[in-house]
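Going by TrEMBL, these are the annotated features:
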DOMAIN    1-106  domain 'Putative oxidoreductase C-terminal'
Amino acid sequence: GKEQNYQPELFVEAVKGVDLAAYEKDLTTSMEKVSAKYPGVALNKINDSVWQIEIPAKYRVGHEAHFGQVTEHFLQYLKDGKLPEWEVPNMLAKYYTTTSALDMAKAKMK
């Protein structure tokens, strides 16, 4: 919204009942790994159960630029004749989720 200058932002919010100290420790450890790979990415604590992941401008690309990146990857997959190994379980999870949602929606329409 207005507070974020209408830019997409990433927030992490702990669910009720979670051990906040352990959660924050795990989140901090994970973010240290992320920031080692992507310098400048940082964790900003908003309150006891909400954190903002600060993403520097150098990592933010617009829709058109991102579409170009995705297209380049897709064309490389076509050229190689295969998807990268990490993409297969992701794709299976996405398709399972969408087909299950379709089945549920159809069942509710009956």
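Placement of Cβ uses the backbone N, Cα and C atoms for every residue, glycine included.
In TrEMBL, annotation is done automatically, which means it is predicted and not curated.
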Helix, strand and coil counts within the domain 'Putative oxidoreductase C-terminal' (1-106) (DSSP): 62 helix, 15 strand, 29 coil
Stretch-averaged pLDDT - the domain 'Putative oxidoreductase C-terminal' (1-106): 93
